[in-house]
Amino acid sequence: MDTVIELSKLLHDEEFKDNASCTSTPTLKTARIIESAVTGITLTASVPMIIIVITTMILYHRVAKHNATSFYVITLFASDFVLMWCVFFMTVNREQLFSFNRFFCQLVYFIYHAVCSYSISMLAIIATIRYKTLHRRKQTESKTYSTGRNIGILLLASSMCAIPTALFVQINGAKKTTGKCVVYLSSPKAYELFLAVKIVFSFIW
């Protein structure tokens, strides 16, 4: 119960102190500008390419419906596409080009961490399928009945892993309603959070 009360205090900004007046060194500012520029160039080049790849994979999946891997690849590139938009929103917010409210910040961070977990897990699944196919050439990929179930389970697990980050998103700015999105996690809360994750993984294992 004490943990729930402390968590509710944190979620209502009772422990978070605004740090909008904190100054940055010239080196740090330069590094952030370079990072934002590289991110912008990467997004500009990657988004059209991913759209082309997704369109091509959808057309291929319509022709080769027996191939379950193609549907996994489509969802993988779709998650990467969503991830890039999350990176775009996080970058423009960090550079203070746009100010977001707390709900939008939580939504962006939740989707960002969820699709990151999903992409990494989906890569592992695709690699496993390709490995099994190469070593069992007589086995076909016609069993697509479990594809939707596997994707649904993976999305649910990724969303559950992204919930803690979204809960600790705060607003850092002169205004209390909008500003820069930050993830504030005090040391005691971090210890309790990772302890809970450790217990959950121990039960699962």
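Placed from the backbone N, Cα and C atoms, the Cβ positions cover glycine too.
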Cys181 has a disulfide partner in Swiss-Prot; which of Cys22, Cys86, Cys105 is it? Cys105
Return the count of C-beta atoms lying within 10 angstroms of the C-beta of Cys181 (disulfide bond), excluding that atom itself. 23
